[in-house]
């Protein structure tokens, strides 16, 4: 049943796990954080068509601003995962939250402060890059924290359910963001989402981190080393990296450009339908992937086989839907294809996305960080 790389990585002997109350509290907190981080991440793709028209930005300018997020996103993944594995994921998580919350809140001021379009685009891209760098710290620190605080049998289920926050966050932007955009202005969307994120950061600082009794992992792990050479020589690791990169390329391109695609291709389409309906498929598919994984494992199959089956479902659904999307001409068919593609991500969240805890639980933050770094590279090329 094991999928671990032989790196002397067993962690259950040093696990000081959360109590049931702590586990519930951390789950709700991390789910809220994942929801908000995706709400802020998808706010720019939602608003960029409107801001571009107002500021006379070209498609090239919009592309620079959208892709600049991933320039920063790739820079901090490995480092934040390594530091989280060494000093504790909750510290890195808080620093990450403070950074991306503040940059989201103050982004309207950056956009409005300069009248010169070239300067504005450059500064907005720079702030987006900083925002991406802070957001790049979120998932490596989260999966590292989970590996430090949960036993092996609990990690995959816990993390896969947390990833459903990405759909919730996108739906939050689609619903609340679209409402604020229609009734107020684009700056209000940034300020409201930024305020909510800063409030969550305070909650994380003063409430969730108030658990002192079992925070031994916040102390630096002495003698901690990451065996890169051994890790990089393992085929299972590279299988995860390549598979994650393929899925991320599909997912993040949709995340960044879906609003622009519908704005240009179906200009009469209602914004709330475009930004909400496709994402409704991710939650049920995440739960379906979780239930199917548990059923396959109970049937006697190994964790390795189970992860491969679930990931295969993800790729078959996404590849088929992408091919069909190139042929569709109606708005309804395009929405259906995109719903299937995003739904496929729910299966990915129960497969390769949880592999770092299977492969190297002691180094899960570093492994996930490297996977996410490679996975984000296609999104700014």
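If you go along the chain as it appears here, the first residue is 1 and each next one adds 1.
Cβ coordinates are placed from backbone N, Cα and C, and glycine is handled just like the others.
Annotated domain 'Major facilitator superfamily (MFS) profile' per TrEMBL: 26-381, in sequence order.
What TrEMBL records for 26-51 (among others) is transmembrane segment. Residues 18, 57, 62, 65-66, 69, 93, 97, 100-101, 104, 111, 128, 131, 135, 138, 142, 145, 149, 158, 161-170, 172-174, 177-178, 181, 186, 189-190, 193-194, 196-197, 200, 203-204, 207-208, 255-260, 263, 271, 275 of the same chain lie 6+ residues outside the transmembrane segment (26-51) yet bring a C-beta within less than 8 angstroms of a C-beta in it.
Within the chain, the transmembrane segment (63-83) has long-range Cβ neighbours (under 8 A, six or more residues past its boundaries) at 41, 44-45, 48, 57, 92, 96, 121, 124-126, 128-137, 140-141, 143-144, 226, 252, 256-257, 364-370, 372-373, 376-377, 379-380. The feature transmembrane segment is assigned by TrEMBL to 63-83 (among others).
Here the transmembrane segment (92-111) has Cβ contacts under 8 Å with residues 33, 36-37, 40, 43, 51, 55, 80, 83-84, 120, 123-124, 127, 130-131, 133-135, 137-138, 140-142, 144-145, 186-187, 190-191, 193-195, 197-198, 200-201, 204-205, 209 of the same chain, all six or more residues outside its ends. Look at TrEMBL and you will find 92-111 (among others) tagged as transmembrane segment.
Annotation comment: TrEMBL describes 123-146 (among others) as transmembrane segment.
Sequence annotations record features per position, and here TrEMBL assigns transmembrane segment to 158-180 (among others).
TrEMBL lists 186-206 (among others) with the feature transmembrane segment. Among residues of the same chain six or more beyond the transmembrane segment (186-206), those with a C-beta under 8 A of the stretch's C-beta atoms are 29, 32-33, 36-37, 39-40, 43, 46-47, 50-51, 54, 93-94, 97-98, 100-102, 104-108, 111-112, 172-173, 176-177, 180.
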